[in-house]
Structures are given as structure tokens and as C-alpha cells.
Amino acid sequence: MAPTLQDLTPSAGMKKTLQDEIEAILQERIMVLDGGMGTMIQRHKLSEEDFRGQEFKDHARPLKGNNDILSITQPNVIYQIHKEYLLAGADIIETNTFSSTSIAQADYGLEHLAYRMNMCSAGVARKAAEDISLQTGIKRYVAGALGPTNKTLSVSPSVERPDYRNITFDELVEAYKEQAKGLLDGGVDILLIETIFDTANAKAALFAVQKLFEEEYVPRPVFISGTIVDKSGRTLSGQTGEAFVISVSHADPLCIGLNCALGAAEMRPFIETIGKCTTAYVLCYPNAGLPNTFGDYDETPHVMAMHLKDFAVDGLVNIVGGCCGTTPDHIREIAEAVKNCKPRVPPATVFEGHMLLSGLEPFRIGPYTNFVNIGERCNVAGSRRFAKLIMAGNYEEALSVAKMQVEMGAQVLDINMDDGMLDGPSAMTRFCNFIASEPDIAKVPLCIDSSNFAVIEAGLKCCQGKCIVNSISLKEGEDDFLEKARKIKKFGAAVVVMAFDEEGQATETDPKIRVCTRAYHLLLKKLGFNPNDIIFDPNILTIGTGMEEHNLYAVNFINATKVIKETLPGAKVSGGLSNLSFSFRGMEAIREAMHGVFLYHAIKFGMDMGIVNAGSLPVYDDIHKELLQLCEDLIWNRDPEATEKLLHYAQTQGKGGKKVIQTDEWRNGPLEERLEYALVKGIEKYIIEDTEEARLNQEKYPRPLNIIEGPLMNGMKIVGDLFGAGKMFLPQVIKSARVMKKAVGHLIPFMEKEREETKVLTGKIEDEDPYQGTIVLATVKGDVHDIGKNIVGVVLGCNNFRVIDLGVMTPCDKILKAALDHKADIIGLSGLITPSLDEMIFVAKEMERLAIKIPLLIGGATTSRTHTAVKIAPRYSAPVIHVLDASKSVVVCSQLLDENLKDEYFEEILEEYEDIRQDHYESLKERRYLTLRQARENGFHIDWLSEPPPVKPTFLGTRVFEDYDLQKLVDYIDWKPFFDVWQLRGKYPNRGFPKIFDDKTVGEEAKKVYDDAQNMLQALISQKKLQARGVVGFWPAQSIQDDIHLYAEGAVPQASEPIATFYGLRQQAEKDSASSDPYLCLSDFIAPLHSGIPDYLGLFAVACFGVEELSKAYEEECDDYSSIMVKALGDRLAEAFAEELHERARRELWGYCSGEQLAVADLRRLRYEGIRPAPGYPSQPDHTEKLTVWRLADVEQRTGIRLTESLAMAPASAVSGLYFSNLKSKYFAVGKISKDQIEDYASRKNMSVAEVEKWLGPILGYDTD
């Protein structure tokens, strides 16, 4: 049983003594925290049995990797780790409790042990600290670590349901409360809430801790440490560092800082930010640098110590330590490095006199802040549109109201769900959760507005930022008022206090002042409320009602505001503006004018903020003079007839509007400007007309070539410059190229005529080349994918390069012949599938053999800088350069062809690639692999006898789907890869579809391309320009070790020969010692032959036909944009076909999930049961396995989908794979494998080792050269 407050308080103020003790040290020197616990546990290489110990030897779930259980099962190991850190110089050690909440432990089935786990961990750390304190004579401290849990309050686990949460605030509070009790009972000195990726979770932890300190325990010092996940300077849930500090400072932490995710060098700017916005001490315990490609940490103790010493010398820190990858050696060096450095001196105040609020971003309201607009339209009582949407349950559309308010200038967003037909707490929770999913809205603080305190609490539990509560009052007396205010303070919110007490609503000036003054002193004296967090609403009441007693309501508010601001330091004044003009509802022009006039004066008297319709407030000086005077008279009560006069004004004034007239004003400019404008804007309409006008101007352009070299190239140069500067995007560039091609196409007949005439006159042909250089592009032999290559060609063409595009499946000899025939300056090779890599190596070898010494560019989805540097560049003595995408191609080609730059550029590439090769070969030496036998022993072993029996498909054999309805596939299209084709990538928080449309940089262009795609898609479907065909098949199947055998229908597998075999590859790269993950192979998901349990395997192949023909037709019309668009859509339709057919397989064709009801977004997040891995991809990287699919289902004969010699599918818009139904099956990557598996695999497949190595080159864990 937990001790009571009385038990733990033998004398005055333990917290004061302990906090003062630590604070005294912090004022004298920099303290040192310990390093990574997980890192040290891994060094012990503990087995599953070690993790289980005797107590848990029969536990149903694996426990290896559950480091926290070791405090119970292996306390000596944890004690020794603590001791090592203490002897290395740590002043403070953290308990081994990062995942010791019931929430995190539920993954291991140990949630019932959370309290015990924490108490034991605290006890182990306490003993280590006391032993070393006694040994060294230096007191050491124990910090009880409260980790973030594996669930989040601010982010939905479901893309389709942004309002859904799989944990509640109250559940988190209870879990943290249980954890903190165990830590406190175990004897910790400090509570450290750490690795905060979601501030809402941290606020739940702080709420729990504060509750314990209030009710049961003597308070301890609290440390808070957030985690900035990348260089954007934000937490995983999107908050900036300053917003994070504002959100948690209500808990009065002794220390606040950052840990994890970043190395010290990367963390520095964010630690500086933390220090500038807190009066607390600053702690900093980064990782040992950034993780390498294997997820390990390489930063040496010395390097890390020097970084942290720089922090200390510059006065940034009070406590330093280490997180992931750090060891006692790191802590020893860090302690030595900072021991003579002076600690940071915390400022006495920060942002003095400011109200500090936060959403994802900070918002400071100070003496010089302009009037703060609190957006009013997200109020079911104040906005008919919003109310209608909420009542209909259309919360996503209601978000648009919130977004519009922010866009129109609302700095805070008021949310009100008070309606008798609504479940207020539920509606508030749901809408606030929706807001959290939209960073453009969530960036501003929220004002949780309700007359029902249960609704207010519901809203507060959803907000990771520091928000405003609107409102509380003295209406129900002081006890009720203080109870609510105490809760609000515990949530860390500011509060609006209404001028309302036991006697009712204050309408006169003096009662307003009296009620507000009373409330102010209660909050400060009884609760220690920060005066800067108090907002008074002295009641803006309706004027112009026709009742004389209402005429002074505006004047009374303004006068009360002046006194409140003069006599209640720090307090702010707000009010609901729409109340003022309620008598004039329906007369929006009058109401807006009244609001503008009222605010003009109220702000002068000290009103700080107001709930307004952001964006609809007129400027005082812009109000019509007659209307202005009438409003002034009404507000100041200067004319008893003011109301009647305003009504008369409204009735006599008509409404006017303006028409927006669009003109083609650019058409009035000079010819050259018109040509350039058309090219830059991608306007085709007049290009032939203008080009012909230029051609007819023989005086200025005597030859057609002069037009190309002059205004057309000038326009394309502007396009290239804008694209290079990131001010123009790929779809726009391609539209510009389309215009250019039409112009050039118009001129070509005239140029050919001129050439013939020259030949007749002189007997020879002029050698003209206006281009910057000639580049031959080709997709290599056996590969049919060319969207990326085509885009590169268009971009290069726009930058004055002559591009010779040889298309797809181009043999080496054809590539080299074209390069010689066209006197190419550069060759560019493209490929998507892994066999293309070998073909690229072959081309490089041939170029070397034939002494064709021109630069070779390598690109395509399967290529990489490492493969280019290691496998291709050594075969060729001229430049070989990997090009990431079209935007990089121009820069690379320009440098390679610039006489002044090319040699230096080539030298840089040689040095860079040599470094890459060295790193690669070093990494091969360091990698460790299990033997194939060990990997199989540690495979994924399903207890088939206890599993539900596999479902038999509704048919065995194959079924063909002819001319599949494309309209059915549209909803299954995943649009993200579509935007990747066009190199349109939104930045956080606007990544993915449809958020990309909100991106400030690419959003507008993305929407245009998407609209073009929708138009083309509907035309393709309605005009039946494309056809979809596919085949699905199912067979009895059993696994034998790593292979899957298929059998004829009706055969008894144990007594029959298989009709086909799919050969599997198993993971071999050694996993982290703390990991209990199995070494997977696809065969693990099929019942073994010896089990006697019948199982089944499915396969499919689908394609979209007609794409190539349409694309070619567009190219012949000089329309690259439409050519690329139809290919991109063809690929999307093929993938959608695969997705839709897999759904049908699960629900009806196989029927193992007949009741499945998943949203499309859940399909993309792989939330369905079973998998559909494809040969040639991570779970089975061998493309030769496609041959078995094709033979078994007679794919080419039945569908027309064929395989090239490199086993690419043709047409390119095609997808194929296998169907697995086991509920435990999952996607995985085989990763690198060692030679013993290659030899075994070659033997099973009856192939030579060399042939297998050729097909599996990218996953070989050894070098074959």
C-alpha cells in the first residue's frame, strides 16, 4: 500500500529540502546524467531465458527485448550498469522504467506488473546510488524515468479516421499515476518525464504527478525532456520547441530540456531555443550522433564530449548526459569535459508581462501586441453553417470553417459545442481531434468555450498546446469557482472569467470592476494563478434594443476595461463581439460597422482580445462617414434616436458589387514577350499564330533558326532558370515543352525547305547545331519502364540540350551506335528492375572496351549512388554519375559539358565515389550473419495445430478477368506515387494526398495536375481507350523448409509430386541482441507438409493495356505532358486493379475474410489480413520466380501480359504477385544474405551459383568481384 502524505512528512518540506539541495548544486556546477540503458543491456547479449528468469519461464509471450522486466529478473545486471555510470561520473541515474507503464507492458502481457516493475527498478537504482555515494563521498541522485508510451493522444493511428484515438487522456493519467507511485515508493529523488514526442501525453503524465503530489506524496523535483525529431525543430506531433516549453511550464519543472532523436551537434539550435524561453534549468542528453545505415551510433565519446563542452562554454546547459548509443565511456568523457565549465544561469523572467499560449506554434501576447482575434465561427450557437455540419456529423467539412478563420487572421480559435441536441463532451473531443490532424489549424491555440464544465474538460484533454478556457465565473460561489480554476491550472490553460457572481450578470461599470477584482485576488491568493493567464470578460451586451436601460452597455464595458487594466496587473480583457449588435441580425453591413467602431474605442481603453468573425472587421477609417457617425452615436449613447436612424440607413442603402474581368492583357505586348510568356505559362492557344508572325518578319528573323535561337530559347531559358530555382514545377515545365515543340514543329518544314534550297545552291548541307549538347537516353535491354527517363528528356530539352530518346528495352549495341551516329556528348541509362543494374554494368564495360569516352549517367528507381560507385564506375574510366531525378540532370549535364568546370567536377565525383566504395567495403566486413541453419532455427514458427484451419478458396485453378470495369478501380487509386512521378512533394505538414494541395510551395501546381489527371481519367474510361485484364489462381500448397510446393486439385500432398515450387529466401543479417524478432521467409506463412494441415496459395497478374499506344500518339503530337500523364495514370490503374482484386480475393474469391469492411485508406496502410508479395521485391527479391507464376497460370496466353528477357512485365502498367491468407503473414524485407544461403538456393533451384548471384546482386552480403 502506498504511504500517505503524513507517513512521508516527518518534518517540514521534504520537497523544499531536496529541491533546494539539487538546485544549489546546479547553481555551482553542471551536473551529469547517465547514458543509454538499452545500449548497455545489449552488451550483455541476454537470451530469452535470461529475460524470463525463473518467475516468467512459462510466460505465454516472448519477453526478450522487454528491458524493463530485467529489474525483476536480472536486477544484478541493471545494478552493474547503474554502477558503471555512477563510477564514470554520473550525478544522476535514471531508473530502468522507460516502458514500465501498463500501456507499454500490455504488448508483453505484463501490464499487471507495472507498479512492481517501477518499484523494483527504483530500488535497484536507489541501492546503486547509495553504494557509490558511500564509496565516493559524493551524493548521487535517482531520477524515475517516465517514458512516452507507445500510444499518442495527438495523432490518429488511422489515416481514414483522423479523429480516432486508441488511448484517452484519462487512461494515460491512470497509467502514469500507477508508474509514478511505484517509482516514488521505490525511493526516487526526481521524476523525469522524458522522450516526449507528443506533448499531450506529457501533460497527462504531469497531471498524474500533480495529482499524486496533491493527494498522497511529498512533491519531488520534476524534470521534463522533449524530443525534437529532425532539423525542422518540431516534435513528432508537430510542436516547435518554444510551443513545447509553453505547454508544460505550468508544472513548474526544476529542469526542462531535450533528449534522443538527434546528436549533440544537431540538437544545439533547439537547446538554445529552450534556454531562451524558460526560467527552469536546462538539461540536454542527446544520442551518440545520428544513426548510421544499420541504425547504430558511431559518435565517439571524445567527439560527443567536445560538442557538449561547447554547449557548456557558451552557457547553454545545467545538466548533460547521453541517450541512445551512449556508454559509460561517453559519460566519463562528458563529465571530464564540463567539470570546469560554469553552469547556465537561468533568467529571472522570460517574456515578462506576456500571456504565453501555444498550439503547434507559440503565441505571445504582450504590451505591444495588436488586438488578438479569437475566431468565433466554430460555434454551434453562433454559426448556422457550422452548426448544420456538426449536427450532420460532417466534422471534416466543419474543419473548413476553422481553417478559413485561421486564414482570415484568427490567432486563437474558439470552439463551442453547446447545443441540447449534441453530446457536448463527445462533440468537443471529436472536433478537437480533427483539428489536431490539420497542422494549418492546429498551429494556433484553441479557446475551449462552454457553459458546461464537462465539455471544457473534454476539450482540455485533447489539446497538446496551452489553450484558453472560456469560461468560469463566481455564479455558483467561491468553492465552485476555485475548484474549476484549480483543474484548469492543472491542465496548464489560461482562463476567461466572466463578470458574473452570485448576484447575477454585472451590467453596470462598478459591479463589473468589483466582480473581476474579487476573482483576480481569489485566483492569485488561493491558487497562485499566474496573473498573465487571467482574462476578464466584463460582458459585451446588446445595444440598440429599444430599451433605454441597455443604451449604456457598450460604454460600461469600455469604462470597466480601463479600470481593470489599470488596477489588476497582468490581466487581459476580452469579450464576445457579436453580442453587441445582436439587435441588427440579418444586417451584416451594419453589424460589421458597429463592431469596427466599438473595437476602435475599446482597444484604446485596453481591450486585448475578442471573439470575432476574423476577416470581417472593417477598418475604422474605411467605414462610410454617415454610417460611422450613426455607430458612434449608438455606442456612446449620444443620440436617443440612434437605433431608428441606423435601421433607416440599412433600409435605404442598396448593395453593390464588383465584377472580376479577366483579360488577355499579355497579348498586347511585343511579339518576343508574347512568345516568352506563352512558353513560361504553358499557353498553346496562340503559339502557332505568334511563331508564324515571327517567321514572316524576314527583316528581324531572316531564317527560321533565328526564331528558335532567339525568343523561343530565351523563353525556355527562363523556364529552366525558374525550375532550377524551385519556382516552377515539373508539370509546368512539361507544359512549356509542349508549347516549345509546337512552335518548333511549325518551323521545321520551313527549315527543311531552306536546307534543300541551300543544298541546291551550294551542293552541301550546312552543319547547324544550336544546342548546348547532345544526350542519348535509353531504358536498358529487358526493361519497359520509362516515365522517369521521359521526364528527364523533357527537362533537358527545355534547357537547350538535344535529346535522342531510344525508348525502352534498348540493347547495348543500339545505344552505342546511336551515340556515335549523333555524336553524343553524354549517354543516360535508365532502369526500374534489379536485372537492369547488370545491363548497365555491361554497357559501361562495352563503352570502355570500345573507347567511347563520354560521360555516362545512371538513373531509375532501382539505381543508387552506392551501386553506381561500387559496381559501375570501376568498369569505365570516363565519368559515371548517378542522377537522382530530373531536377538534378540539368546541373550535372551542364557541368560535364562546361570546358571550365568539367575536369574539376569529374575529380570531385572520383573522390566522392572512392569514399563511397571504401565505406561499402568496410560495412561488408562489419556485417554479421547467422548461418542458414541458425536462421531457419530462429524462423517464424507458427503453432499450426492451435490456429484456425486455413480457408479453402471458392475455386481451385485459374479465373481470367477480361475488360475489367475501370470505373470500379478509380476509388482504389493511391495518388501519392502519382505526385512522385511529377516530382511534387509537399513539405511537413503537407505530405501525402490530399494534404499536398495545402502546401504553400507545390500545392497549387499539384491541384492543377490532379485536375488534369481527373479529366484525362474520365475521358480514358468513358471513351474506353484503356482495357484492364487479369488472372487469379489458387492451388493447394504446403511448405517444406524455405520452399512452397503447389499441388494439383484433389492430390494428397503427402503422397504426390508438386506441380510447381516457389523457392524462398530467408533473412540472415543478425538482428539486434535485444530483439526477439524471427528470421522470416515467405514459406513460414504456409502450413508445413509434415503438419498434415491442408493450406493454399494464390497468385495474380493484372495489367492496363493501351497505355503505350496512347502515349506514343501524344508524343507524335508534341504533347509530352499528356504522354507522361497517360503513363502515370496507367500505372496507377494497374496498382488499383491489384488492390481491388486482392480485396475481392479476401472477401469472395478465396473468402478467408468474407466480412471485411475496410476503407480504402486502410488498404493502403496494409490493415487487411494476409499479404500479396511480388517476386522481385523485398520479401522475395528473385525475379526468376515470376517464371513459375507465368507457367502455372499461363499468364501470357490468357491475359497478354508477357515477360521480357530481364523478366520485366510488358505492358509496363502491370502488377503480379502471390496471395497468402495466414492472419500472421506480413510484409518484410529479406535484406542482405550470405553465401551459404546463395549456394543452398542455387542447389534447390538447379541453377549455378553465378547465375543466382547475378539475379540477386543487390542483396548479396559479400562482394563477388
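Keep in mind that glycine also has a Cβ here, set from the backbone N, Cα and C atoms.
Feature annotations, courtesy of Swiss-Prot:
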type	residues	note
BINDING	GLU709, GLY782, ASP783, VAL784, HIS785, ASP786, SER830, THR834, ALA886	methylcob(III)alamin binding site
BINDING	ASP974, ARG1172, TYR1227, PHE1228	S-adenosyl-L-methionine binding site
DOMAIN	19-338	domain 'Hcy-binding'
DOMAIN	371-632	domain 'Pterin-binding'
DOMAIN	662-759	domain 'B12-binding N-terminal'
DOMAIN	772-907	domain 'B12-binding'
DOMAIN	923-1265	domain 'AdoMet activation'
MOD_RES	THR1264	phosphothreonine
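Of the listed binding-site residues, namely TYR1227, PHE1228, the sparsest Cβ surroundings within 10 Å are found at TYR1227. Note: the Cα of the residue listed as 'phosphothreonine' and the Cα of SER830 (methylcob(III)alamin binding site) are spaced 24 Å from each other. The average pLDDT computed for the domain 'Hcy-binding' (19-338) is 95. Here the domain 'Pterin-binding' (371-632) does not lie next to the domain 'B12-binding' (772-907) in space: the count of CB pairs under 8 Å, restricted to residues six or more apart, is fewer than 3. In this structure, of the binding-site residues GLU709, ASP783, the smallest number of CB atoms within 10 A of the CB marks GLU709. Rounded to a whole number, the distance between the Cα atoms of SER830 (methylcob(III)alamin binding site) and ASP974 (S-adenosyl-L-methionine binding site) is 24 Å. Between the farthest pair of Cα atoms in the S-adenosyl-L-methionine binding residues (ASP974, ARG1172, TYR1227, PHE1228), the distance is 21 Å. PHE1228 (S-adenosyl-L-methionine binding site) falls within neither a helix nor a strand when secondary structure is assigned with DSSP, and so counts as coil. Look at ASP783 (methylcob(III)alamin binding site): DSSP puts it in coil. When other Cβ atoms within 10 Å of the Cβ of THR1264 (phosphothreonine) are tallied across all protein chains shown, the result is 12. When the Cα of ARG1172 (S-adenosyl-L-methionine binding site) is compared against those of the binding-site residues GLU709, HIS785, SER830, the shortest separation belongs to HIS785. If you measure from the Cα atom of SER830 (methylcob(III)alamin binding site) to that of TYR1227 (S-adenosyl-L-methionine binding site), you get 28 Å. All chains included, 24 other C-beta atoms sit within 10 angstroms of the C-beta of ARG1172 (S-adenosyl-L-methionine binding site). Long-range neighbours of HIS785 (methylcob(III)alamin binding site) (same chain, six or more residues apart, CB within less than 8 Å of its CB): THR779, VAL808, SER830, GLY831, LEU832, ILE833, GLY860, ALA861, ALA1208, ALA1212. For ASP974 (S-adenosyl-L-methionine binding site), the number of other Cβ atoms no farther than 10 Å from its own Cβ, over all displayed protein chains, is 16.
Here the C-alpha separation of ASP783 (methylcob(III)alamin binding site) and PHE1228 (S-adenosyl-L-methionine binding site) works out to 25 Å. Taking the C-alpha positions, the distance from TYR1227 (S-adenosyl-L-methionine binding site) to GLU709 (methylcob(III)alamin binding site) comes to 54 Å. Break the domain 'B12-binding N-terminal' (662-759) down by DSSP state and the numbers are 76 helix, 0 strand, 22 coil. Using a 10 Å Cβ-Cβ cutoff, SER830 (methylcob(III)alamin binding site) registers 29 neighbours.
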